[in-house]
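Participant: What follows is a single structure, and I will ask about it in a moment.
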Amino acid sequence: DRPSPFPLIHFPCVDLTRTDLRMPRNLKRKRVASTIGSSSSNMQNGSATTVATKNGLEVDFRKGELFDAAHPVDVVAFSVDERLHGPMRTQLAKLVGAAFFDETVAKATTAHKRTVMQGEMLPLDLSACTTFPVKYALMVVHPLACHLKMAYKGILQFAISKNLETVAIPGLGCGGAGVCPTVSSSKLHDVLNDWAGGFKGIPKRLNVVDLNMSTVDAFKDTFGMGCASSSSSSSSNSSKRGRGRAAAAAVGGAADASPDHIVRAVTAAPAEIEAIDCSVCMDSLRDGDEEVVQLTACGHQIHYQCFVDYLSNANRRCCWICGNYFWLPQGNMPHGTMTHSVLAGHSIEGHADGQGVICIEYSFRSGTQGPQHPRPGVPYSGTRRSAYLPNNEAGRKVLRLLEKAFECKLTFTVGDSVTSGARDTVVWNNVHHKTSMHGGPQAYGYPDPTYLERLTEELAALGITEALLG
């Protein structure tokens, strides 16, 4: 959970963040019957956990830890961010040993010969580790909805190429990428449905394992196991309704506003409905009687109810097509405090114009994890952290951006510490701070000539820009 000493890497790929957040409504029940057949003898009331595909693969669904010694597998796959970081990577590094894991990642990135792009997969060979039963781990880089079919197919193709019988995956994209679990599960279902030639025992079993029970239920529902939720079914019955909404500014409003309130504030009735499909449900915008709305910030159109559903499942308040933010972003940081003071008589190398040093103090008490955290209902431990900025014009501007990020609950989260190994504690959430005034980047300190510029870009990628400062 230490801030990264390395520069933030930005990839040139377009952020198509929400191009397909839900399964097309007219396929929700039709696809399940195509090639997936149940082999479980306990299918009533959604209690079954296993189905068998007609092309030779067993699929099991359960809530739990991905790295569970009680359920050994040959290969695991999980999501990481663009810098190959994330809670699953942290947990795996602890299980196999940090030194061995770092060496394995270094070998894998060298063998890849180029930057691992969004949606791509980096395989790690763990077979030399004697303390961990998994042979391979596949790190999938920040997959969005548009990447998931490629990712799921790649995982299965890798298992076949290595002659691996058992595979374990979470609901890819359902965490930090904010993909609706129904969409993620439908992408997996499509891959299995379309698989040519059968699996022939390699792989033999696919375990879908996730800590979020609603994600597990969404996958079971998609595979015809009787766990349909009322929220998914209600959206299919929405009708065209006038709402009298007024156009609003592109960005603004309370971070905890309800999805319906946000839609009312940031959309207007379009002057002309585009002759395209809704990018969420994939139904035509012109056909049927559902209300269509248009974002005032960028002009993209969507069904009203699809927009509400999108906001109910997505963490980022940005356009699902162009990535422009239309509302304050919001994270899952627990309650805490952020204060700052100026340390007179101190200086930061590389910032000769600084009049002292800004010292930021973060404080969090211990508490209980909520539904937005990895282990709801489990206690977490608090923490205190300090960070430093030069007290000059650039440093003060970054301070205001950091205050806005804290207000939007983006700075910290609850998870497992990569440095101390502590589980269920408050940790940094990829908003990188300088925790030392000295020592350079390798010590999370200064001098670091481009740090303020990188941090500004990093915050902008989260939706925290100067436009929010007023």
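Keep in mind that glycine also has a Cβ here, set from the backbone N, Cα and C atoms.
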Participant: What range among 30-49, 230-249, 430-449 does TrEMBL describe as region 'Disordered'?
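Facilitator: Checked against TrEMBL: region 'Disordered' maps to 30-49.
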Participant: Using DSSP, tally how many residues of the domain 'RING-type' (278-322) sit in helix, strand and coil.
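Facilitator: For that range the per-state counts are 10 helix, 9 strand, 26 coil.
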Participant: State the mean pLDDT for the domain 'RING-type' (278-322).
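Facilitator: Summing pLDDT over the domain 'RING-type' (278-322) and dividing by its length gives 80.
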